[in-house]
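K.L.:
Before anything else, here's the structure in question.
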Amino acid sequence: MERKLYFGTTQQLQNKQYQYPTNFIRTSRYNMITFLPYSLALQFQRMANIYFLIIAILSFFKSISPFSPINSIAPLLFVVSLSMLRDGYEDYQKHLSDNELNSSPTTIWTSGGFVKKTWKDVLMGDIIKIDELEIISADIVVLQTSQDGICFIETSSLDGEKNLKPKQAVKETQTMECREGVIECINPNALLYNFDGTLFLESKKIQLTHKNFLLRGSKLKNVKWAIGVVVYTGIDTKVMRNSEKQKNKMSNIDRLINVRIIYILIMQTFSCLILAIIYGINCDIHNINFDYFNDDIYDPDIPNCALASLMTFAAYFLLLNTLIPISLIVSLEFVKVGQGIFMQKDREMYTAENDKYVKVFSTTINEELGQVQYVFSDKTGTLTCNKMEFKLSVCGNETYGDVSMFDKHEMSTFVGNQIIRRQSTLHSRRSTVVNEKAGIEYTFSGAVIQSIITETDPMKNPNIGLNVDTYLIRNQGDLVKENLMLLATCHECVLEFQDDGTFNYQGPSPDEIALVDAARRLNIVYRGITMGMMEVDVLGVKEKVELLFSFEFNSDRKRMSVIIKHKGVIKLYTKGADAIIKQRLGPNQPFLAGIDKKLDMFSRKGLRTLCLAMRVLDEKQFNEFSQAMNDTLGGNDAEKQQTELINKIEQNLTLIGATAVEDKLQDDVPETLADFLKANINVWMLTGDKLETAENIGRSCNLLQEQMDVFFLTPGCDILQIFNRIADHVIQKPTTKRAMIIEGIVLAVLSENENLTKYLVLLAPHLHTVICCRVTPKQKADMVRLVKNELGKITLAVGDGANDVNMIQEAHIGIGIYGQEGMRAVQASNYAIGEFKCLWKLVLFHGRQNYIRISEMILYFFYKNIIFTVPQFYFAFFCGLTGTSVFDEFFVSFYNTVFTFLPVVIRAIFDEDVFYTQQRKETLLGSKRITQGVEENDILKQSYPLLYYIGQKNTIFTNEKFFKWFSIGIFQGLACFFSFYLELNDTTFIKQSGYNNDLWFFSMSMSTAIMILVTLKLALNTQFWTIITWIAYLGTSLGTYFAYMWISNIIPSAAIFGTTQMLFSSYAFYLSLALSVLSMFILDLLMFTIKTSKDTLLNYMKRQARQNQQLDIAKISKLEKKLQEQISEMEMPGFELFQKRSLVDSSFSLSDNTSKDGDRKDNQ
């Protein structure tokens, strides 16, 4: 034990020496002092903001700045202020939430008795009182309760499990008023189910375990009050140990923009350096006089030409700053907000059940929705509805219940005539009982079971003559009754009474509740237990059943047993996993073969199955067992000895039946996951449930498919050996899909061994599905972090409970689901959805479109700024390198903020390349699916996930395409400048009136050509046209530009005053404009023709979806196969994996944790 604490009003003061943390918690990032510096530092993580801060500072020096400082300062202030305001508002909401939590009331023991205080006042060693339904303020050890030391807690906010967990006080503190003592316990850790300590009470040493431990954040249920002593406070509590600081999420595109900006900055610096050197050389050759320099800026010790070169460098550094567009940051903000609004208004992602649309909390990562490579999902409430439905009951050779999920061949397995009679009505059944709180749904028709129990006709109730030891089960009705008695007595459920006198069951798992509730609906009703005596209503008759022993279910035993005494007969009832029960059966089992076959069928359908078995003990056997159990008490190895005795008594069982329960999946979960796998998205399910439950859900939602080879990592296994088997499987069977199921205890071992962790990272890309069960919230985040950091892949995490917050915050993209477990997951997420199926359109459609739109927008932005800035560079050689701008100051200011702003924003919000259904309606705001009166063509939707590779592989915003657009901009800027220079240079007189072609005539001609060219370029790459698109291109772009020309023409103070009229009255202008635009645009037309001539899958599907009513399935299949081959190139070749495996094995040979050499040889 490493932590010691004193409790009680007289001894508690001794805790000050240990400096334990207070119970005050803070999840916000800033305070009044740190907000400004920390938020500013966050904003200047963007290279563009740093760059324009430097530009803004330099623009204040009038001797080098060609423009007013306001042109540089205003956009920067706008962008930074907007981002800081948004960041501050989000953090302010967290402050409000923290204050509300810290000010929550609690009851603390003082010398004057119990008094009301707040959570932040709780200290180590305080004795606190918790009332029913109250949230526990700190981690405590329970001392007393209102019900003989027993209490129940609900931990849905911690581990996602809504079911009650039984806790108890040690009998020494329950029977006396304990107000002073000493506790030694383990140091705080993140393991929710781990606690060990010792209570020193007077002269006694009392062992404390997790059964005496209540967690902060859990809710007290089913008892009026509980009293406990605080052992962990504040940041030391389990819930805070499992929480992590909020991450500042920056999209991958933003990181790439930073890199591209560095490229352009290098080019800009190089260009300015060239101009400065040339000017310096020219200055030295011609001996230019600098007497006009002021003394303030001229140092006689510095050669005049050197100073002039430096000033030339600074002047052109400012003049060419338009290479890096600050308006890109503003435009991205507008685009992402616009995309977020349309995602929130998408009716196809509306969930009627909870009346929720998609909610977008963070638009900064919209494009990453189109680049997801790994999805990490919670199970309960995320993939499932968290509702258990009792589906099937097998009693001997007879099967009762819903068999509509089985085909005709499988139906032949069932021998009960009642199934055939009910087959026609199965699909029309509806739920008769739904208990949202308990998480169960009951649709089972019990008429046949209820009738056979009381049936006396041997034709309808055949004799079976089953001997269970000395106990005879005469007929099928008695066997059914025995099965139901087992369900009604072999459990850990408790009764939760309602105000109207009725009751519901609460228990450690929803499936256990479903089984007890099913027995209740079939007239075998468990009515509670008092002093070890159960009350069971059997067909309307109340009977007393004495509970002699109860052996709980855990991950090691994988079964639960009770020993009861009913009508003078001592019975041992056991229910558990089929593999475990079959090991404990006696010889000559009449029902084993049939039940085994049916269980196999149930498992393939994803049902959660249990075997039911029993044994009858005589008085002598029971007394010997009971005495042996009592003899172990007080021994050093009491737990081990008791386990051995229990294993011994749970032998020679007789199999009497089985059950199948369905954890209902949310709508379209299997289809959504199947399309994710088709889109080459790996899916990992992370859950706190036990292995069998996780495996069953994995099969029912098609994460685990029949053709998959599944590898298990369970406690005690040889991890290295299994990893080697997976590596061999990848090498020998590269085309076979594979999955891995791993328990949380094994993950803890992996995290402590660097070599094993590296091996897992090596194998991860080859595992199509990974299921992690019995994991803590922190382990969920650790798995996400492992894939994100070590593999460098874009990750998405989705969950609905507070236990999912860590992984939601750790992933690149966090998705919260409006579920039944509170709003913590939604509040911590970037996007919130009503149910899991909404991910299909959010990721595969909106995500893909957002990536394409934003990537093309950024490339276009750099292109239009390069073609606009390059003439400034060329003009430097014709103006004597004086830093004169070739364009009017207002045109420079309005080019990005007005003339070209709206078209690129509109395109990035509305453009579509391929819609996911053939039948669609084109509206002003985008495409809508037509479903009324038209049968939707699923072929296109089934193939649509294959197009997701565009974002996954980042095929658009690449270095190659960036430099391609960059080069086109340089070429077209060169063509624009010199075409007008050559065409207009020799035209001395433009009109008979005598006006000549001055600088502004040349400048306005060139700017007009640039405006037309960039608009045509954008239009050429636009694939979805609406009225809004036309208005943006013609009205707000070219329209505002020509308006600017005519307004400036009549303002005497304008630099281009009178130029516009002269321009439009000159034939030379029109001819030069046509030749210039044509010479520049012909390159775009040529590239566009080459691009569209390729019969890619994307163009093929677009053409067919818009023009043909019938899709050629054969061609699509062929193209799918071709695309899959391209995707498979991403996977690691077998020989490379073999080489890496050899390196890993060699590293293990140098480690103390290596496996034995003999085992390694066996693996090879």
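Glycine too: its Cβ is placed from the backbone N, Cα and C atoms.
Because TrEMBL annotations are produced automatically, they should be read as predictions rather than curated entries.
Here's the feature list from TrEMBL:
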type	residues	note
DOMAIN	12-72	domain 'P-type ATPase N-terminal'
TRANSMEM	35-61	transmembrane segment
TRANSMEM	67-85	transmembrane segment
DOMAIN	102-173	domain 'P-type ATPase A'
TRANSMEM	257-281	transmembrane segment
TRANSMEM	313-335	transmembrane segment
BINDING	D378, K379, T380, E512, F553, K575, R608, T687, G688, D689, R774, K780, N803, D804	ATP binding site
BINDING	D378, T380, D800, D804	Mg(2+) binding site
ACT_SITE	D378	active site, 4-aspartylphosphate intermediate
DOMAIN	826-1092	domain 'P-type ATPase C-terminal'
TRANSMEM	858-878	transmembrane segment
TRANSMEM	890-910	transmembrane segment
TRANSMEM	962-980	transmembrane segment
TRANSMEM	1000-1020	transmembrane segment
TRANSMEM	1027-1047	transmembrane segment
TRANSMEM	1067-1088	transmembrane segment
K.L.:
For the transmembrane segment (1027-1047), what are the same-chain contacts with Cβ under 8 Å, counting residues 6+ beyond its ends?
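P.N.:
For the transmembrane segment (1027-1047), the list is 890-891, 894, 898-903, 905-907, 910, 924-925, 1004, 1008, 1011-1012, 1015, 1018-1019, 1056, 1060, 1063.
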K.L.:
Are there residues at least 6 beyond the ends of the transmembrane segment (890-910) whose Cβ is under 8 Å from a Cβ of it, and what are they?
P.N.:
67, 71, 75, 322, 325-327, 331, 334-335, 338-339, 342, 853-854, 856-857, 860-861, 864-865, 868, 925-926, 1007, 1011, 1014-1015, 1018, 1022, 1024, 1026, 1028-1029, 1032-1033, 1036-1037, 1040-1041, 1044, 1048, 1054-1055
K.L.:
Residue counts in helix (H, G, I), strand (E, B) and coil for the domain 'P-type ATPase N-terminal' (12-72), per DSSP?
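P.N.:
Going by DSSP assignments, the domain 'P-type ATPase N-terminal' (12-72) contains 31 helix, 0 strand, 30 coil.
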K.L.:
Residues of the same chain, at least six outside the transmembrane segment (1000-1020), with any C-beta under 8 angstroms of its C-beta?
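P.N.:
Answer is 860, 863-864, 867-868, 871, 886-888, 891, 899-900, 903-904, 907, 972, 976-977, 980-981, 984, 990, 1033, 1037-1038, 1041, 1045, 1055-1056, 1059-1060, 1062-1063, 1066, 1069, 1072-1073, 1076-1077, 1080-1081, 1084-1085, 1088.
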K.L.:
Among 257-281, 858-878, 962-980, which stretch has the most Cβ pairs under 8 Å to the transmembrane segment (1067-1088)?
P.N.:
962-980
K.L.:
Could you give me three numbers for the domain 'P-type ATPase A' (102-173), the DSSP helix, strand and coil residue counts?
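P.N.:
The breakdown for the domain 'P-type ATPase A' (102-173) reads 11 helix, 35 strand, 26 coil.
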K.L.:
Validating a neighbour-count step here. Other CB atoms within 10 A of the CB of R608 (ATP binding site): how many?
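P.N.:
Excluding its own Cβ, the number within 10 Å is 23.
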K.L.:
Return the count of C-beta atoms lying within 10 angstroms of the C-beta of G688 (ATP binding site), excluding that atom itself.
P.N.:
28
K.L.:
Short question: which residues 6 or more past the ends of the transmembrane segment (257-281) have a Cβ under 8 Å from it?
P.N.:
46-48, 51, 305-306, 308-310, 312-313, 316-317, 320-321, 323-324, 328, 858, 862, 873, 876, 881, 962
K.L.:
Find, for the listed binding-site residues D378, D800, the residue with the lowest Cβ contact count at a 10 Å cut-off, counting only other Cβ atoms.
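P.N.:
Looking at the binding-site residues D378, D800, the Cβ with the fewest others within 10 Å is that of D378.
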K.L.:
How many whole Å apart are the CA atoms of G688 (ATP binding site) and D800 (Mg(2+) binding site)?
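P.N.:
Rounded to a whole number, the Cα-Cα distance is 13 Å.
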K.L.:
Please give me the CB contact count at 10 A for R774 (ATP binding site), counting all chains in the structure.
P.N.:
23
K.L.:
So if I exclude everything within five residues of the ends of the transmembrane segment (858-878), which remaining residues of that chain have a CB under 8 angstroms from its CBs? That is, six or more out.
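P.N.:
Same-chain contacts beyond the ends: 253, 257, 260, 264, 271, 275, 316, 319-320, 322-325, 327-328, 331-332, 884-887, 895-896, 900, 904, 956-957, 961-962, 965-966, 968-970, 972-974, 976-978, 981, 1006, 1010, 1013-1014, 1017-1018, 1021.
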K.L.:
Starting from each candidate's C-beta and looking 10 angstroms out, tell me which of the binding-site residues T380, F553, N803, D804 has the most other C-beta atoms.
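P.N.:
Most Cβ neighbours within 10 Å: D804.
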K.L.:
Roughly how many Å lie between the Cα atoms of T380 (ATP binding site) and D800 (Mg(2+) binding site), rounded to a whole value?
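P.N.:
Checking the Cα atoms of T380 (ATP binding site) and D800 (Mg(2+) binding site) gives a distance of 8 Å.
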